[in-house]
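Straight from TrEMBL, the features:
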type: DOMAIN; residues: 111-261; note: domain 'Glutamyl-tRNA reductase N-terminal'
type: DOMAIN; residues: 277-418; note: domain 'Quinate/shikimate 5-dehydrogenase/glutamyl-tRNA reductase'
type: DOMAIN; residues: 432-536; note: domain 'Tetrapyrrole biosynthesis glutamyl-tRNA reductase dimerisation'
């Protein structure tokens, strides 16, 4: 704290210098009436007067406070001061009661439920479509203790990020709002939700954006969903500076992690590994021209089709028992040519295919050696051997098919080795990612903390500018009316230069960009010192002012 103490002394010297150059004209000392604004003075007043304070319970806004004065104790007016003498001790305490509750700094919070904490039956009730995110932000920010908000709602998570003027009240209000829109009771929400604040909330979002909190480690879809939060929040009142800065930084973190660690490389699901294996076995030039057949349009078959499309496949034949699922896929993937064939045409379709994926629930093999050996050979341009990738259990392709020189068969066990190796590799890369995230959290927290001093910096510069302009006008009024523009500019530049030189030191001690060794507590102490010395403080804290404005607006 030696740095902060030295700074207070230097600021006092600075004020003396400014007074000597007539740049602090009009500064007044704090009057005794300011006692009513500071709980510490009230406590000292009550202590010296032998007044007992009792705080039995919390009220709706502040603290429910009682004063008891001993019957043999009298408070003399001359002991309190001329201004405060007109107020009773109880009135003084009432004045400061709301301020006591709002002395805490605003907090960054995340209140959420995800695949790790809540079942899908709960998550689906809380889901909010992307088109309704702006409306949700407006409703959340209308709550008394919420200043900024953002909503991240996906199939695996429902997370609300807020800047709360009061941490515990903000959590209570958001939880009640979530209960109201979903019909899920508050008790059920509390049982499944998770709560994180400030640095932990920042780290959580960065891990989400990097894919470290996903079911499939390192998956890329979540990064696009975080990007949608930023896009949908543009121009929305309530998607403020801190929240927007948080999500924009999260995008940067997600991209950096994927670039520097390559964590999303390698398949970690059977369906994606099947597609990746097929592409590895096909000659490079034939990957997009190979004829593809998918047998089965159930859950696994659908995933195979989607992974094929993601890898650039634009045409395929799907054999299934019924056409309904294939039609639904065709509607979903409108840019892809999907041809449906019934199960009775299986061998005919296989004869015209180079790569065959099987994923049906059949308990007996669909392909036996005698079936496959009668099929025409495939073109040498795609390797000369028909590729069967069987991800069904029980197997759809008989083991005897692998004996044929014209066929190459892979089953789910072959794919599991690939998936396991890729998962282990991703876990190692996740450790690298966490080191990157720790570095980025530190940078973001430094930026966020620097915002605390911005109002003081602005007020101090405005205060100095008013004095500079006033003194400049006085100086010019005493000079000849025909003074040249060159001399006027020189005098103007001189006044600006003096102000900038004098403000440089205080401004440096208020900056919190992580480039120096000052702690946040030291910087905040410097800020409070400047506020006191130059009279920049208001009678109520900024947080209390925001809360009162919100409550007044909600009562209209």
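Placed from the backbone N, Cα and C atoms, the Cβ positions cover glycine too.
Please treat TrEMBL annotations as automatic predictions, because they have not gone through curation.
For the domain 'Quinate/shikimate 5-dehydrogenase/glutamyl-tRNA reductase' (277-418), the model gives a mean pLDDT of 91. Counting residues of the domain 'Tetrapyrrole biosynthesis glutamyl-tRNA reductase dimerisation' (432-536) by DSSP class, helix then strand then coil, yields 86 helix, 0 strand, 19 coil. Residues in the domain 'Quinate/shikimate 5-dehydrogenase/glutamyl-tRNA reductase' (277-418) partition by DSSP class (helix H, G, I; strand E, B; coil) as 57 helix, 31 strand, 54 coil.
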